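*Asks:* For reference, the structure I am asking about is given below.
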Amino acid sequence: MGNLNKHLQTHTNEKPYSCDVCGKEFSQKFYLNQHSRIHTKEKPYSCDVCNKTFSQRCHLNKHNQTHTNKKPFSCDVCQKEFSLKEYLNQHYLTHVTEKTYSCDVCNKEFSRKSYLKGHIRIHTKEKPYSCDVCKKEFTQKCHLNEHYRTHTKEKPFFCDVCNKEFSRKSHLNDHYRIHTNEKPFCCDICKKEFSRKNDVKRHIRTHSNEKPFSCNICGKAFHQKSDLRKHYRTHTKEKPYSCDVCNKGFSQHAYLSEHYRMHTNEKPFSCDLCKKEFHQKSDLRRHYQTHTKEKPYSCDVCNKGFSQQAHLSEHYRMHTNEKPFSCDVCGKEFSWRTSFRIHIRSHIHEKPYSCVVCDKTFCKKDSLNRHYRTHTGEKPFSCEICNKSFSVKSILTCHSRIHTNQKPFTCDVCKKEFFLKHNLVAHYRTHTAGKTFACNVCQKEYYREFDLKIHFRIHTNEKPYSCVVCGKSFSLKNSLTKHYRTHTGEKPFSCDICNKEFSQKSTLNEHYRTHTNERPYSCDVCNKRYRRKRHLKRHFLSHTNEKPFSCNLCEKKYTEKRHLNKHYLSHISENPFKS
């Protein structure tokens, strides 16, 4: 009699059992008990072989088949065998190509009449199914059911192999192919295979360069809708993903995941060859190239090798001087698309790449990656000779010259060679002659009229640039910029070799010489060499016996200002209360 009552409820649609947590109703107590385990996370059924646990006995029974290695279900078309019937059903859809039902409005075809019926509502705007919780409306009942699970957090579809749970059956079907390694969807152009239909659709756009999703604020177009959503947050500044540890917000879930590893120090990406671990997958990919060294694509002109065909194509434009990308704003032309995109951002001031740790933004992704390593301490580039590691590839290149003694930058005038390009530029100025612009007050000469104009402010005491923080005035705009960094603490110039940061470029240039051991300033009297110009000037006073710094209290003179300052202290100690 009990079974009859249960059966009758299927006709009356009576559901007398409801969940205390989410209010969902069931026709039988057994189904309610099964559902309750979603909230309690209880999994009373465990596998004897691998100890994996399950919330339902039927799920355990299916899982057990993965240990027997039996594949009792075979495809009638291609004879492929599967361990579970669900796998076979999903596979079988790859053979079904007949679509007998077509839409009268847009001619889209469907294999089932029910699919066509649901599709037609897109044109009629009919949405007969509404959510009881938030009143959102849907064209199909299955979409309402899927949406409802966002309120209940229910995930009724689970993988028999790894126990992962899903709120939608389609997501489970896509996931199954990870285990079967089945890729039934193929690109007609390049024959690349994909496990999901949406993936092949997205991939095809890379061939057609179709970007159907555009931003209504700046007009930028994207291949994928998800990329548009991510980009849109650069305008809205929305950060829907927050860290449980420090409450920091992020615009993308991937950024949150990367940030979270800063707390856990997790390095989930490891090299198969040397077992070195990395925070980010991009760092692992870069590191892996140090092992393979494979460069199957070579340039016909200079024989340089490349790991990818696209890189070879870009390189070839250096020889042809082809610049197919031009800026609509200023007309500037570029050989590479990436350079063009980066340039465009200079007009719209867009910096789409932000650091998940400190929120600093960047125009280029590789600049972000390079900056991110200052937080993680990661150094994926290592020297083959001494195994020293570096965070940036260009630093490794500079370092390698220490071993090879290679000095690729040569002066055209005196043939002197240098490790670094900026050292050559600094040296080249020593040859420049023809100081045609002279000051009519002190007769000092300059290469450029602009430099003379700036110098003249020393005599007029003109200081047109003032600091908004402390009010201090300067004769040069560059001096104001340098001064302002004393308030902000900004150090925008960093050494490629040791990552040390500096507030001024001139200080960086001086610092570089500690690595190259270059001493470009030499004494005309004794030929002693110095890294810094001021050190040479100080040394030169030892030959002239000149003492330009004199005490205004006792007239004592010194060759260096620091010695004068030290001398001043002797007067202060003698008269501690003198005002």
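If you go along the chain as it appears here, the first residue is 1 and each next one adds 1.
Cβ coordinates are placed from backbone N, Cα and C, and glycine is handled just like the others.
Feature table excerpt (TrEMBL):
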DOMAIN    17-44  domain 'C2H2-type'
DOMAIN    101-128  domain 'C2H2-type'
DOMAIN    129-156  domain 'C2H2-type'
DOMAIN    157-184  domain 'C2H2-type'
DOMAIN    241-268  domain 'C2H2-type'
DOMAIN    269-296  domain 'C2H2-type'
DOMAIN    297-324  domain 'C2H2-type'
DOMAIN    325-352  domain 'C2H2-type'
DOMAIN    353-380  domain 'C2H2-type'
DOMAIN    409-436  domain 'C2H2-type'
DOMAIN    465-492  domain 'C2H2-type'
DOMAIN    521-548  domain 'C2H2-type'
*Asks:* Can you work out whether the domain 'C2H2-type' (353-380) touches the domain 'C2H2-type' (157-184), with the criterion being 3+ CB pairs under 8 Å where the paired residues are 6 or more apart along the chain?
*Replies:* no
*Asks:* What mean pLDDT does the predicted model reach across the domain 'C2H2-type' (465-492)?
*Replies:* 79
*Asks:* Is the domain 'C2H2-type' (465-492) packed against any residues at least 6 beyond its ends, judged by a Cβ distance under 8 Å, and which are they?
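*Replies:* The answer is 454, 457-458, 501-504.
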*Asks:* With a cut-off of 8 Å between Cβ atoms, can you find at least three pairs linking the domain 'C2H2-type' (129-156) to the domain 'C2H2-type' (241-268)? Only pairs 6 or more residues apart in sequence count.
*Replies:* no
*Asks:* Tell me the residue counts in helix, strand and coil for the domain 'C2H2-type' (465-492), as DSSP assigns them.
*Replies:* 12 helix, 4 strand, 12 coil
*Asks:* Hey, which bits of the same chain come close to the domain 'C2H2-type' (241-268), Cβ under 8 Å, at least six residues off its ends?
*Replies:* 230, 233-234, 277-280, 354, 356-357, 375-376
*Asks:* Under 8 Å between C-beta atoms and at least six residues away from its ends: which parts of the chain pack against the domain 'C2H2-type' (521-548)?
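*Replies:* For the domain 'C2H2-type' (521-548), the nonlocal Cβ contacts are 510, 513-514, 557-560.
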